[in-house]
Amino acid sequence: MDPDRVDKASGKMSGEGDITSVMGFSGFGKKARTFDLDAIFEQTRRTAIERSQRVLEDRQKDIQMEEQGESSKSSVAIKKAIAGPSRKQESESSSDSNSNSDSELIGPPVPTQPNDDDDDELVGPPLPAGYTGSTAVSGDEDEGDAQDDDDDDDDDDNPVKRIPDTHEITLQHGTKTVSALGLDPSGARLVTGGYDYDVRFWDFAGMDQSLHAFRSLQPCECHQIRSLQYSITGDVILVVSGNAQAKVLDRDGFNVMECVKGDQYIVDMANTKGHTAMLNSGCWHPKTKEEFMTCSNDGTVRTWDVKSEKKHKSVFKPRSYQGKKVIPTCCTYSRDGKLIAAGCQDGTIQIWDRNLSVHTKFHCRQAHTPGSDPSCLSFSYDGVTLASRGGDDTLKTWDIRNFRKPVNTATGLTNYFAMTDCCFSPDDRLLVTGTSVKKDEGNGKLVFFDRSSFQRVHEIEVTNASAVRCLWHPKLNQIMVGTGNGLAKVYYDPFKSHRGAMLCVVKNKRKEKHAETLTQDYIITPHALPMFREARQRSTRKQLEKDRLDPKKSHKPEPPVSGPGRGGRVAAHGGTLSSFIVKNIALDKTDDSNPREAILRHAKEASENPYWIAPAYKQTQPEPLFAEDSEEDEEAEKEPEWKKRKI
C-alpha cells in the first residue's frame, strides 16, 4: 500500500470521526453520495444540443437524397436513423469526436426518422432495412386525408351534423314545469326556475355524476318564475316572476336590487315609477351591463338601471290599430342593443328605437293570430332576421329591412305555454324551437329548421312532456332544454362541445361520509382547574371504537313487542289503560239491542261463582228478584210497529 494514501485517508477519517463523534452518530453506515446539480444540468444541456445538431444534419442529408431521387440512399438514411444511438455512442467513444462532453447520455435517445414530402413523422415501429419505397402507404394516406377533407366539407355544408345531440344529461329541477333557463356567458353555471317558485343553481365544474344543484331558493316567494337571464358580464341574474317587481340577484343568489312597484291608481302608466301588474318577460341589454328590460300586463315595456332601483329608465307603450292599450307578452333587444321588440296579445310585433320611446320604428299588425300570445322573439346573430314563436302554433322569420310580411312560416308546432322559446344556432344557419304535448299524449320535441330554406331538418324527442325552454350556448355548443315535467336536459357532443356538461359526467359520485356523532356530551371548559378539566377528545373515531367494545353502550335496542307482551314488557298498542280500553271496545262485537239480556247474561255466572261484589255483602245483601216474563209482554211484542208505544 502507498503510505501517502494511507496518511491522507487516516487524516480524513480522523476529521470525519471527530465530527461524527460530536454529532453522536459515529459508526452508522457510510457517507452519503453527493451530487453536483449544476454539472448535471450543464451535461444534459450539452447532450441535448449535440443530439439536436445530429438530427438536423440527418434530416438535411435525407432531403438531399430525396431530391436526387436515389432510393438506395434513402434506405441508408433509414439505417442511419435506426442505428442513431449506437453511432452516437461510437462517436462519443472515439478520440476524433466533435463532442466536448465526456459523460454518458441521460435518458433514452430520440430516434430520428426520415420525413416525407409533407414533413410528417412516421408512426409505429421503424421500417425494415431493405424497404425502399412508400408509394402505397403514401397513397392511402393521401386518400385518407382527402376523405377527411371531404367529411369536413360535408360538415361545413350540412349544418345538421353540427347539432350536439349524441349525449345528454338530465338535471332534476322538481316535478313542475321548468319555465326559465339561464346560462352565464362563460358557460360555467346554469340556473333554472319553474312553476314551483324555486330557482336552482347548477355548477358544471363543481358537480359530479349525482348532478345535484348546489343552491335552491325562492326569491319571489309564491310567484312562478317567468324568466331568468345572466347579464353580459355574468355577475348578476335577472329574475322575472309573476309579481310586478323584477329582482336582480348575484351569482350566489343574494339580492342586489328589486324594482319599485308603481301606483296602480294612476291612469297614465308613463307617470308611475314601475309596473303595476304581473310581469311577463325580461332580458338584459347586450352591450350595457347595467341596463335591463321588462314587460308587464299593465301594457308597458320598461327599461331599468341596476344602480337606480327607485324609478324606471324609460317607458314604451304598445298600442293597437285603434290606439288602445295592448299587453306585451314577450320582449327582447336587438344584437346591437339599438332596437327594442315586443310581441303583443293582439298578435302584433312592435319595434322601437331604444332612444325614441314614442313612435314605433317597425310595426307588423297581423304577425300572428289576434288573441294568441306570442311566446318568444329572438334576433339572429347578424341582426337582420327576427324569429317569432306564436301561440297560434307557428314559427315565423322576419327581415328587419322589409317588415311587412314574414320571410318564412312553419305551422303545426303545438304551443301550450306562454314562454316557449325559439333560438338560433351559433353559426346562424339553424333555428330551433320546442313543441308542447298534453299529458300522456306523446313526447315533446326539439325541432330544427334550416334558416334559408326553412325545412324541418332534424328533431330530438326530449321526454314525455312538453319542451318549453331551449337555449343553445355559442361558447359551449350545448343545448339546454326545460321540460313540462320538471327536468332540465343538456345535450352535448364530446367532439363538438366544450366544457359544460362534459366536466361533471367524468367525475365519480362522492362517497357519503357518515357523520361521526359524539357518543357522549363533551363540555369544553378551557379555564377549569386541572383536576376538573376533562380530557380533550382528539378523534371521535377512537371513542366510537371503544364504545363498540362496551357491552352496555353497544347494546342493540329492543324492538317493539308485537302481539301479547312477554318478559315483563307490554305491547305498544296496549301499554296504557286508555289504549287497552279502546282496543277492547273495538273488539267488543256483542249485540246490545236487548238491554235485559245484556244485563242478565252474566247473572248465572255471578250467582254460581261470586267474586267482586257478592262476597263483600254476603251477610247483608238481600236476594235479588227479577221480574218474570208475562203474557202481556208477549202480546205487546206481537203488536205491529205502528201500535207500539214510542219512548
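All residue numbers here begin at 1 and follow the chain in the order shown.
Glycine is treated like the rest: Cβ placed from N, Cα and C.
Where the annotation comes from TrEMBL, it is an automatic prediction and has not been curated.
If you look up TrEMBL, you'll see 1-10, 536-558 marked as compositional bias 'Basic and acidic residues'. Residues annotated as compositional bias 'Low complexity' in TrEMBL: 71-83, 92-104. If you look up TrEMBL, you'll see 139-157, 626-638 marked as compositional bias 'Acidic residues'. The region 'Disordered' annotation in TrEMBL covers 1-20, 58-164, 536-573, 610-647. Under the heading repeat 'WD', TrEMBL lists 171-203, 272-314, 333-353, 377-402.
Computed over the repeat 'WD' (377-402), the whole-number mean pLDDT of the model equals 90. DSSP states for the compositional bias 'Basic and acidic residues' (536-558), grouped as helix (H, G, I), strand (E, B) and coil, give 10 helix, 0 strand, 13 coil. Mapped onto DSSP helix, strand and coil, the repeat 'WD' (377-402) counts 0 helix, 14 strand, 12 coil. Helix first, then strand, then coil: DSSP counts for the repeat 'WD' (333-353) stand at 0 helix, 12 strand, 9 coil.
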